[in-house]
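Colleague: In case it's useful when we look at the structure, here is the feature table from TrEMBL:
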DOMAIN    7-97  domain 'Aspartate carbamoyltransferase regulatory subunit N-terminal'
DOMAIN    102-150  domain 'Aspartate carbamoyltransferase regulatory subunit C-terminal'
BINDING   CYS109, CYS114, CYS138, CYS141  Zn(2+) binding site
Amino acid sequence: MTKETQLQVEAIKNGSVIDHIPANVGIKVLKLFKMHKTNQRVTVGLNLPSSALGAKDLIKIENTFISEDQANQLALYAPKATVNQIENYEVVKKLTLSLPEQINAIFKCPNTNCITHGEPVDSSFSVLTKKDDVQLKCKYCEKVFSREIVTEHN
Ligand code: CTP
Ligand code: ZN
């Protein structure tokens, strides 16, 4: 680290750092994506000062590499997040997120009558984007929900 300022959360040797998560969304991301369900060390920083976001959350998972596809699943919650891959203390890859075409097995369908609630099937939404407006269409009940409705229910 050649930075003048000290890191707010200790550097890691190998693994993934999810940076620039909006403040208050870090815990949600951690739980929703089951990032805490690992034997690896996970460090979390909440409400860290950030010049770009004012305040941000940050998650570091050691010895675990998040693929591009997995990273993009985060885009609905944290579109400005960056996923850094760390090897031997160096940032070797920096992924910026883009919305995927499908989001599977993460969000519950907001429609309480949807078959996905009673059956052991994974949820599946196709992502529809019109300019900045993002909507999700459930594969099972075919209802369309705004991004806000889906994130509020999850
Ligand atoms: N990081 C870490 N352990 C390392 C190297 C980096 O935890 N061994 C973290 C940094 O603290 C930072 C993120 O990984 O949160 C990205 O590192 P870097 O690209 O060096 O930081 P910035 O230049 O600030 O990144 P950005 O431009 O994305 O803001
Ligand atoms: Zn549904």
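Indices start at 1 and increase along the chain as displayed.
Including glycine, each Cβ sits where the backbone N, Cα and C put it.
All TrEMBL annotations are machine predictions without curation.
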Colleague: Determine which residues of this chain, when CYS109, CYS114, CYS138, CYS141 are set aside, have a Cβ within 8 Å of the centroid of the Zn(2+) site's Cβ atoms, and list them as they appear in the sequence.
Modeller: PRO110, ASN111, ASN113, ILE115, THR116, HIS117, SER123, LYS139, TYR140, GLU142, LYS143
Colleague: Least buried of the binding-site residues CYS109, CYS114, CYS138, CYS141, going by other Cβ atoms within 10 Å?
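Modeller: With the binding-site residues CYS109, CYS114, CYS138, CYS141, fewest surrounding Cβ atoms within 10 Å: CYS141.
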Colleague: Over the span of the domain 'Aspartate carbamoyltransferase regulatory subunit N-terminal' (7-97), count residues by DSSP class, listing helix, strand and coil in order.
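Modeller: Counts, helix then strand then coil: 12 helix, 39 strand, 40 coil.
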Colleague: Could you put numbers on the helix, strand and coil content of the domain 'Aspartate carbamoyltransferase regulatory subunit C-terminal' (102-150), residue by residue per DSSP?
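Modeller: Residue counts in helix, strand and coil order: 8 helix, 19 strand, 22 coil.
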